[in-house]
There are 2 protein chains.
Amino acid sequence: MIRVAIIGYGNLGRGVEFALRQNPDMELVGVFTRRAPEAVETQGATAYHMNDLLAKKGEIDVCILCGGSATDLPVQTPEITHHFNTVDSFDTHAKIPEHFAKVDQIAKENNRVSVISTGWDPGLFSLNRLYAQSILPQGETYTFWGKGVSQGHSDALRRIDGIADATQYTIPNTEVIERLKAGEALTLTTRDKHLRECFIVLEAGADEARIREEIVTMPNYFADYDTTVYVISQEELNQNHKAAPHGGTVLHTGITNESTKQVIEYNLQLESNPEFTASVLVAYARAAVRLANEKQFGAQTVFDIAPKYLSPIDVETLRRELL
Amino acid sequence: MIRVAIIGYGNLGRGVEFALRQNPDMELVGVFTRRAPEAVETQGATAYHMNDLLAKKGEIDVCILCGGSATDLPVQTPEITHHFNTVDSFDTHAKIPEHFAKVDQIAKENNRVSVISTGWDPGLFSLNRLYAQSILPQGETYTFWGKGVSQGHSDALRRIDGIADATQYTIPNTEVIERLKAGEALTLTTRDKHLRECFIVLEAGADEARIREEIVTMPNYFADYDTTVYVISQEELNQNHKAAPHGGTVLHTGITNESTKQVIEYNLQLESNPEFTASVLVAYARAAVRLANEKQFGAQTVFDIAPKYLSPIDVETLRRELL
């Protein structure tokens, strides 16, 4: 049995708790939190304070880190990798090299494996970009996200004066995807690839016209997109827009022999973004423990890990049944 | 530079010759054939007789074996792996364990790497089945092939008395795929998943009614499918049905947290099946040489090989730009 600790218990941590139930070769030691453990409502797991993690060192094979990339993981992944094998979903793309280098050094010094930046993007989408570009080097790779909720954009809406609550959907331009798949060569702007839909709840007396203008002109977040704003009630938002669906497409269109068109497409259609990300983290937690057993210490990403390490099934059976 | 030999020169061998032109870190030493070399029309490569292969031992890093799975590869892959790193596309699923065991022993005894059974199925489709099932263990995986030409079914048609020439298309049932993606639980028969379309050219005086009946009732090949037969002229067949498009879909529908639906889908849409397969072989040839440089000798499949080995780009750059 692979013994797992969940570090941090938000939507992602809860997703890991669910995912572990589907993996009979893994068992959950407990949830570790900076909050008062008795205040954390798990789905059945015992909650401990983070200060008690080190005392459990002999009982844990891998820690799945479920904190955020902005402030939690840059500190937690290095710290915890001193003592445990770890898996994280660090997704600040620009800071991945720095994060990797820091964690890699600690992992090697302490004989640990740390799988960083896994999930679906970075993660499965990265894998598909790599496989596709390696196989069809004369080609173009396009990543489309959605339809799904962007937490970052929803947060940006909620920070606007006069907005009580909000949900933002990122929507891929499916017409453009179909044209690319049909072999058209398109030069795409940011605006061409995705649309944005905002469902907002106004505070009493808020100036709707000013708020609409502020949204569609917001730099980085909305100004470069075709953005539609819907004003709805808090009840409607709660009822229809509080789930966390997501997904997307990695499309690679290439040619062989000068003009023969070949298309590789990978799609995810997720009813719950955090639960799916959690399922990816759990599969890579299995890989982390196996790689540690083989003494392949250091930081690793999805690029470094042979696919067989993710499966609970032995490789002879995989060759016979899945190849 | 990775120095490559092509063993066998049919459609697949020619595809490898084209693919190598797109990979500036690889160079083609030559084509090796059992035919008279001067009778082989390459796209520019020098052709040698197979008997001259061993004399080039010091000039070749990896041999890409482009023969057939029925009779060529079961003999050639073990033989050539005595002396060279090899890559093959052995696709007789039932015999993969036997082929693997034989090649693995020879590769280990002779310090070679042999990547067997790569291409797209087995190959990329196998990878996607493995990743999807590892991430969403509570789920179902479906593989659909087509729309594409099945050489085996086309050959079966041509063996019928009275048929001068023929092309058979395997067509996936897209309605079923859409229903599965929408979350329906379907129990599918062979007939539900694929349709078959046969374009046949009759010999003069052939009995069309008898031939049609013989096709749609042919066991294993057509009896279990809804099969449509079109009688056309040789001119029309030559003009419209001599290309080798193919492709397909690996669909995995799973659930997390008891009822949250998650869908993973991988699609290939290929204008040329042999050219695409060749491109996969070339990427794995790069991996074979690198693994041999790391002394990871033995037979390997797509399950055993970390994705980074396929790319000519160093892993630091991959982390920075593709992750």
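These residue numbers are counts, starting from 1, taken along the chain as shown.
The backbone N, Cα and C atoms fix where each Cβ goes, glycine too.
Automatic prediction, not curation, is the source of TrEMBL annotations.
A 10 Å cutoff on Cβ-Cβ distances gives A:Tyr9 (NADP(+) binding site) a total of 24 other Cβ atoms nearby, all chains included. TrEMBL lists A:9-12, A:33-35, A:66-69, A:89-91, A:118-122 with the feature NADP(+) binding site.
In the three-state DSSP assignment, the secondary structure recorded for A:Asn273 (substrate binding site) is helix. Residues annotated as substrate binding site in TrEMBL: A:Trp145, A:Thr170, A:Arg196, A:His246, A:Asn273.
Sequence annotations record features per position, and here TrEMBL assigns domain 'Meso-diaminopimelate D-dehydrogenase C-terminal' to A:119-272. Confidence across the domain 'Meso-diaminopimelate D-dehydrogenase C-terminal' (A:119-272), taken as the mean pLDDT and rounded to a whole number, stands at 96.
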Pairwise Cα distance for A:Leu12 (NADP(+) binding site)/A:His246 (substrate binding site) [Å, integer]: 14
Separation of alpha carbons, A:Arg196 (substrate binding site) and A:Arg35 (NADP(+) binding site) (Å): 35
Those binding-site residues listed as A:Gly68, A:Pro122, and which of them has the most Cβ atoms within 10 Å of its own Cβ: A:Pro122
Integer Cα-Cα distance in angstrom, A:Tyr9 (NADP(+) binding site) to A:Asn273 (substrate binding site): 15
Residue among binding-site residues A:Trp145, A:Thr170, A:Arg196, A:His246, A:Asn273 with Cα closest to the Cα of A:Phe90 (NADP(+) binding site): A:Asn273
Pairwise Cα distance for A:Thr170 (substrate binding site)/A:Gly68 (NADP(+) binding site) [Å, integer]: 20
Binding-site residues (A:Leu12, A:Gly68, A:Phe90, A:Thr170, A:Arg196, A:His246) in Cβ proximity to chain B, threshold under 8 Å: none
